[in-house]
Amino acid sequence: MAIHNLACVRDERQLFSGLNEEFAPGDGVQIEGSNGAGKTLLLRILAGLTPPDAGEIRWRQRPLRQCRSDYYRELVYIGHRAAIKPVLTPRENLTFYQGITGLRNDYAIYRALEQVGLLGYEDVRAAGLSAGQQQRIALARLWLTSASLWILDEPLTAIDHQGAQALVRLFEQHCATGGMVIMTTHQPLPASRYRMRKVALRMAEATSCFG
C-alpha cells in the first residue's frame, strides 16, 4: 500500500499535505499527532471512507479507485463508533460478521469474546452494554478475520491492560504472517518486543520514525 502527496483540508485549514508513505506486508504503523492534527481523518481516507483533497492511494500498485472491491475484501476498519448491531448480542454480532466473511466457527467466537473480556455477556443485547463494551465487540472481529489490512482508530481505549496485551500480541502475530496494522492511540503500548513505525502528523506535513 502506498500514499502519494496526500492532503486534507477541513474548515479552510490544512491538516496535512504532501504525505508520502509506503506500507509493506509485516508493517505495524502508529499515526501520531496532537488533537486536531487529522489522525482520524487520515485513517478514514486510508479506509476509503473520506476522499482526500489531493493525492492518491495505491493498493498492490494499483490506484484505489480501480480496485476498491479487492481492497475492501482485504480491509478491516474499526473507528470510534463500534459499527455493530445493537439489537443483537455480542455472539450474534460476531456470528453475523462471520456470515459476511463466509466462515462459521462458534469456538472461535467464544475465544474472541474471551480475549476482549466479554465472556459472560455473550447473550446480552449490545444495546444494554456500555459504549466500551460495544467497542470490544467490534475489536473481537480481529480474532475472526482473514483480512490483511487492519486500520484501527484508538483500539486500546475500550480495553483494560490485560486486553491491551492480548491485542498487541495479536498485532504481532498478524504482522509476522504478512499482515499490516495502521492505528492511532493516545495510550502507550504494553511492553513487548513488537515495535511499530511511527508516522507523526505535524503542521501540514508528516515525518516517519521507528519507536
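Glycine is no exception: its Cβ is also placed from the backbone N, Cα and C atoms.
It should be emphasised that the depicted structure is a prediction, and the values quoted were computed from it without experimental measurement.
For 1-211, the entry in Swiss-Prot reads domain 'ABC transporter'. Per Swiss-Prot, ATP binding site is recorded for G33, S34, N35, G36, A37, G38, K39, T40, and the stated evidence type is sequence analysis.
Overlay of Swiss-Prot feature records on the structure.
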| residue | record | Cβ neighbours (10 Å) |
| --- | --- | --- |
| G33 | ATP binding site | 19 |
| S34 | ATP binding site | 11 |
| N35 | ATP binding site | 6 |
| G36 | ATP binding site | 12 |
| A37 | ATP binding site | 20 |
| G38 | ATP binding site | 24 |
| K39 | ATP binding site | 25 |
| T40 | ATP binding site | 17 |
G33 (ATP binding site) in three-state DSSP notation:
strand
Stretch-averaged pLDDT - the domain 'ABC transporter' (1-211):
90
Is G38 (ATP binding site) helix, strand or coil when read with DSSP?
coil
ATP site, defined by G33, S34, N35, G36, A37, G38, K39, T40: further same-chain residues with Cβ within 8 Å of the Cβ centre:
L15, L201
